[in-house]
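Asks: For reference, the structure I am asking about is given below.
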Amino acid sequence: MKELFLIIGAPGSGKTTDASLIAQADATNITHYSTGDLLRAQVASGSELGKTIDSFISKGNLVPLDVVVNTIVCALKAAPTKTIIIDGYPRSVEQMMEFDKVLSEQNEICLKGVIEVRVSEEVAKKRVLGRNRGADDNEEVFYNRMKVYTEPLNEILDFYQKKKLHFIIDGERTIEPIVADMKELIKKIQSI
């Protein structure tokens, strides 16, 4: 059975970088998918689906539920390793509930943990505006993305806390201790 870890955090929390470094360090055992990268790859392809996705991403809004779930399920099925890390998901209560439903209807993938990379809004804003990754990294879009992230957050955290799947990593440190702590946490969870 494949073991899935979801990494959540505010825009600029470092969740994608953290997950990517963990997977790169253990590529034979861990596959990393970023929801954002999966969606941006569709946009870059120029497909009709990509154009639909772009109309949401460019404004900092959520992509429709069915598109996101289908994108993720395809990625999970294609994963070449036992351990899979997906960052940036879920971003809404609806995504969480639909994904939980999809996972409960199959026996190939087990959600082992939801790791929150926690940072303050101030740190997140400084990081996002400093990285200049694309058109979706400006102040107006940042505040919209923060709102989109924080509005459902308590309900998402409550849901996973009740399932004893929620874990927190302090994301305000330098990258090395964050990645080391996350690696250690994943190993600990896998051994339970």
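Cβ coordinates come from backbone N, Cα and C, glycine included.
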Asks: Given that Swiss-Prot lists Gly12, Ser13, Gly14, Lys15, Thr16, Thr17, Arg173 as binding ATP, which residue among Arg40, Arg131 does it place in the same site?
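Replies: According to Swiss-Prot, the candidate sharing the ATP site with Gly12, Ser13, Gly14, Lys15, Thr16, Thr17, Arg173 is Arg131.
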Asks: Drop a 10 Å sphere on every Cβ of the binding-site residues Lys15, Arg91, Arg131 and tell me which sphere holds the fewest other Cβ atoms.
Replies: Arg131
Asks: Go through Ser13, Thr16, Thr17, Thr35, Asn61, the listed binding-site residues, and name the one with the sparsest Cβ surroundings, counting other Cβ atoms within 10 Å.
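Replies: Lowest Cβ count within 10 Å among the binding-site residues (Ser13, Thr16, Thr17, Thr35, Asn61) is Asn61.
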Asks: Please tell me which one of the binding-site residues listed here (Asn61, Val63, Tyr89, Arg91) sits closest to Thr17 (ATP binding site), measuring Cα to Cα?
Replies: Tyr89
Asks: Within 10 Å of the Cβ of Gly12 (ATP binding site), how many other Cβ atoms are there?
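Replies: By my count, 23.
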Asks: Note down the number of other Cβ atoms within 10 Å of the Cβ of Val63 (AMP binding site), including every protein chain shown.
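Replies: Total other Cβ atoms inside 10 Å, all chains included: 22.
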